[in-house]
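Trainee: Copied straight from TrEMBL:
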- Ser19, Asp22, Arg49: substrate binding site (BINDING)
- 11-160: domain 'PurE' (DOMAIN)
Amino acid sequence: MSTAQDGAAVPAVGVVMGSDSDWPVMRLAAEALAEFGVAFEADVVSAHRMPDEMIAYGARAAERGLKVIIAGAGGAAHLPGMLASVTPLPVIGVPVPLKYLDGMDSLLSIVQMPAGVPVATVAVGGARNAGLLAVRILAAADAELRAKMERFQGELRDQAHAKGARLREEAARLGG
Ligand SMILES: Nc1c(C(=O)O)ncn1[C@@H]1O[C@H](COP(=O)(O)O)[C@@H](O)[C@H]1O
């Protein structure tokens with residue numbers, strides 16, 4: 001983890017969202033990053049409501065030391081794509097579900113990017129996976145972080161084995 005002159009960790013990941021109303025979903029990305037000890041920042045950056053600030057955030061992200069941007073938005077979710085158009089960094093888009101349309105509007109707005117401007121889109125509400133994907137991107141060049149990810153994957157495998165064992169026991173009790 002790199003540190004600034006004042007000793008504070010320089011964020012490697014920017015977790016941004018169109019509104020603070022997205023935070024209950026986007027918090028899951030932040031929690032995943034915290035689990036792996038990845039320094040991040042979180043903020044509201046809206047393409048629709050603050051276009052100049054949004055362009056500035058994307059344009060300056062790499063020079064500020066960010067390595068990955070996670071962008072969540074709901075409805076006409078232009079934020080992830082617009083950020084991807086002004087930064088060379090990988091952008092992970094999180095479709096946030098709103099009251100109407102079950103997040104399908106957010107999903108389609110984020111996933112249907114024109115050729116040449118990729119956004120790695122996770123499932124509707126899939127902010128935890130966005131955080132884990134950001135960890136994997138960083139881990140590609142960080143052996144310590146990769147080892148943590150491998151341990152995490154091992155825990156998932158153990159949990160799946162335990163689920164199978166419980167299910168087989170229950171099926172056996174039913175006479176299966
Ligand atoms: N999709 C966008 C953008 C954008 O893409 O620039 N800015 C805000 N929003 C979304 O509007 C929804 C409602 O926002 P409010 O709750 O503030 O009314 C949020 O899900 C936000 O991501």
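Just so you know, glycine gets a Cβ as well, placed from its N, Cα and C.
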Trainee: Taking the Cβ of Arg49 (substrate binding site) as reference, which residues of that chain separated by at least 6 in sequence fall under 8 Å from it?
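Mentor: Long-range Cβ contacts: Gly18.
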Trainee: For the domain 'PurE' (11-160), DSSP counts of helix, strand and coil?
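Mentor: Breakdown, helix to coil: 77 helix, 25 strand, 48 coil.
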Trainee: Any idea which of the binding-site residues Ser19, Asp22 has the thinnest Cβ neighbourhood at 10 Å?
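Mentor: Ser19, out of the binding-site residues Ser19, Asp22, has the fewest neighbouring Cβ atoms within 10 Å.
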Trainee: If the substrate binders are Ser19, Asp22, Arg49 per the record, what's the largest distance between their Cα atoms, in Å?
Mentor: 15
Trainee: When you average the Cβ positions of Ser19, Asp22, Arg49 for the substrate site, which other residues in that chain have a Cβ within 8 Å of that mean position?
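Mentor: Once Ser19, Asp22, Arg49 are set aside, the remaining close residues are Met17, Gly18, Asp20, Ser21, Val44, Ser46, Ala73, Gly74.
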